[in-house]
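Engineer: Per TrEMBL, signal peptide is recorded for 1-21. If you look up TrEMBL, you'll see 17-220 marked as domain 'GH16'. Taken from TrEMBL, the feature active site, nucleophile applies to Glu105. The active site, proton donor annotation in TrEMBL covers Glu109. Look at TrEMBL and you will find Asn113 tagged as N-linked glycosylation site.
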Amino acid sequence: MEKGVLFIALLISAFYSSSEAADSQTSFEDNFSIMWSEDHFKTSEDGQTWYLSLDKETGCGFQTKQRYRFGWFSMKLKLVGGDSAGVVTAYYMCSENGAGPERDELDFEFLGNRTGQPYLIQTNVYKNGVGGREMRHMLWFDPTEEFHSYSILWNNHQIVFFVDEVPIRVFKNNGDEKNDFFPSEKPMYLFSSIWNADEWATRGGLEKTDWERAPFVSSYKDFSVEGCQWEDPYPACVSSTTKNWWDQYKAWRLSDSQKMDYAWVQRSLVIYDYCKDNERYPKLPGECSLSPWE
């Protein structure tokens, strides 16, 4: 996995140079706005670590002030510790402020657990309001003990979900602008939230949230974005993205070392893949035929 991390670092340092790409800053006020329940949001004394809390009354969430179309988006999270059954921490990109019927969306969702059980990470991809493209993975570490980075690489060729620079999911485009599965046209905000989902999140809803353990707190720091910041009616960086490392040839497919990491993830950590759910999809969605290796 170390080679995969080195590849990302070298790729960023070698190719990232564009005045059109968004500046990376860690100040919360520079980048984000609170979506709801501001009294459930706190920061560390230095302002560099942010905390969202959930109690029986409400959760909390924030979103970027800017929209982006393509780029590299990363945040370090430390998840709710202890008994977190029923609690979902979401970290995602979406083209709309709400769950609109025509939204595009890229999801990380962290599904809470009973003490001692593994955290599950669920990813999903929506285009024009249609999702149903879930994958679930186990993690190879305890995400409640320390911070880990969760990142999305998004260009017109692929979407890759990373955990600590290890690619856990690759979602490819087929080059057809009119396909019904690859979100590429709509700029997206980045969001995070914590909320109660005990009707489905833990063991299909069998495990309910233990409110005596509230508040449940998720922690964030080191937000980083290197992407095409949207400007109406159409930013120049969208039509010239090959100036940026995140849409140059090397970012269109996995490197050899990333392929090794990805193969390990596929062998060891995948517990659900909608492309292998023939009962749910007797006819598999068209994107399932695209190879993540090419």
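Placement of Cβ uses the backbone N, Cα and C atoms for every residue, glycine included.
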Engineer: Please work out which residue of Glu105, Glu109 has the most C-beta neighbours within 10 angstroms of its C-beta, and give that one of the active-site residues.
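Structural biologist: Buried the deepest by this measure is Glu105.
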Engineer: Quick one: give me the count of other CB atoms within 10 A of the CB of the residue listed as 'N-linked glycosylation site'.
Structural biologist: 23
Engineer: Rounded to a whole angstrom, what is the C-alpha distance between Glu105 (active site, nucleophile) and the residue listed as 'N-linked glycosylation site'?
Structural biologist: 25
